[in-house]
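**Student:** Sharing a structure with you now.
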Amino acid sequence: MKRDEFHTEKYYESYNIFGAHIVTEDEMRGVRFTVWAPHAKAMSVVGDFNEWDYEQHKMLQVTEEGIWSLFIPHIEEREIYKYAIETMAGDVIFKADPYAVYAEVRPNTASVVFDIKGYEWNDKNWSRKKKKKSVYKEAMTVYELHFGSWKKKEDGTLYSYKEMAEELIPYVVEHQFTHIEIMPLVEHPYDRSWGYQGTGYYAATSRFGTPHDLMHFVDECHKYGIGVILDWVPGHFCKDAHGLYLFDGTPTYEYKDKDVQENPVWGTVNFDLGKREVRNFLISNALFWMRYFHIDGFRVDAVANMLYWNKEGQEQSNEHAVSFLRELNEAVFAENEDFLMTAEDSTAWPLVTAPTYEGGLGFNYKWNMGWMNDVLKYMECAPEYRKYIHDKMTFSLLYAYSENFILPLSHDEVVHGKKSLLNKMPGDYWDKFAQLRLLYGYFFTHPGKKLLFMGGEFGQFDEWKDLEDLDWNLHDFEMHRYMHDYFKELIALYKRSKPLWQLDHSPEGFQWIDANNNEQSIFSFIRQGDKQEDALVVVCNFTKATYENYKVGVPDFEYYNEILNSDAEQYGGSGQVNKKRLKAIQEPYHNQAAHVEITIPPFGVSILRPVKTRKGSKKQDGSKTKVRSNVTSRGKR
């Protein structure tokens, strides 16, 4: 690296220069320490090796813009250290290394010398398989989890990365999730920030073990066909004294202007995304996790907070952030075109998942926060009043193809007094389970990839408690076992049913049969795959009423079978199912060529699959009928 390159040009391997590197110089083994502190008056390295005396190992300033460096011989791996920084005000402050790849276990805050290289990976088969598939036309089910509270040992201590590989991976495989999404694993001082208020961006948190232990965990995930997505927070960081905040006594990584520096809601500060050094720090960090940890994707947190300045009373876009996100995504996809870059964005910013060359931000997925908010508000409403907010369940289809969406039932909605998904459902005990089964049925049949927070799969009753583990004892109760069985059957059905994912991002993959039955709160629609015979009919009843001989318009197949009914007794339902083959009556209904008469279960979802291939019904011009949505697509990535 040229001396000025880090300050003026795109340099995405800054972790190779900065931090603590075990090297041999002048035939002496030791550690080369390099750090950026543009307004420091003097710098030194301190640790047990010099009894934390900042007068002993003074660093040399190697660029006018504030790069400092020093080689210290005879220091070995696992040595703890910090930088002692003399500020322009004459104070001496002690800081952890921004580029450290390992740190002490909290509450201690020193950095640790660690050789990040040397792990032998065994995931070449995983990499080859990924390249053969297009994620856009594949099933995608993401299990979101918090590493520290998924499961704990009997004595309350945390499972390590290696132990989690043994505990978590078989569970994820059993449930047929395609990916896990882990809440932030960068080093962070405060457990209850869940990792979102980090400061050690290059250090996998030592709460669970070493960086090599985390590599082992990812390697094992890949061995069993599970992708690993990490929550990543490039927008803001914590203000703890040992971290990035006021690193050299002045705003270094954060904005100088207090109006845009502070995040009063979170108690954090925003990265100055207009600085080349900060961009290089963050984009290098993303590539570092990709290269060293073989991560398969990032869920980029709080994109809305990045896109807009947080000045009170203003909604002005932050052009630094817009430019940064485009640069970030270009760098990531240049590194790995099969990577997942998901934006957690609640705004209406256009073209989030469009390529940068089309004027987009360059992500390939976006959380559909609007769908999540609308659907949960609808489900929390008393069933008899749902007819008055009917549009909350249909509105999402007006924009479902404007972006590549993931439907999130995430941690944000089951904490801070919002209740668990199960407990959001109104009514008595039976009603709650029936409606959660219904919600999941709608979730898995609506266009978009899927994400569920841990515990939802068996109907966690209490909201998420981040200092405890999940209520695994609920499996002792029959209704929770029924829920768990239902969820596993539903996800298995989803994965083997091409209509439910093959055209997720194309309007040809969805068609309303009846979106207007607000009086009965019944919705029916078709999901379509690439082939005409790959079609499913879905009927959802959001009230407790049961309907016999209910007419539903269907595509022109001769017979239909009900392949899933959430009211089946084996799932804890009342047993209002359609056991017999359903003959399609050749009379048009709901703008379809034929219809079937079925039993609609209470708080139930019924999924029908055609038995025989389409008979070849013709339009007047002689062409075959094609199932089609009336929504216009934005276009594929």
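Including glycine, each Cβ sits where the backbone N, Cα and C put it.
Summarising the annotation, Swiss-Prot assigns active site, nucleophile to ASP301. What Swiss-Prot records for GLU344 is active site, proton donor, and it gives sequence analysis as the kind of evidence. Annotation comment: Swiss-Prot describes 611-637 as region 'Disordered'. As annotated by Swiss-Prot, compositional bias 'Polar residues' applies to 628-637.
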**Student:** Compile a sequence-ordered list of residues in the same chain as GLU344 (active site, proton donor), six or more apart from it, whose Cβ lies below 8 A from its Cβ; state 'none' when nothing qualifies.
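**Tutor:** For GLU344 (active site, proton donor), the qualifying residues are ARG299, VAL300, ASP301, ALA302, VAL303, ALA304, TRP367, MET369.
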**Student:** Tell me the coarse DSSP state (helix, strand, coil) of GLU344 (active site, proton donor).
**Tutor:** coil
**Student:** Please give me the CB contact count at 10 A for ASP301 (active site, nucleophile), counting all chains in the structure.
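**Tutor:** Result for ASP301 (active site, nucleophile): 22 neighbouring Cβ atoms inside 10 Å.
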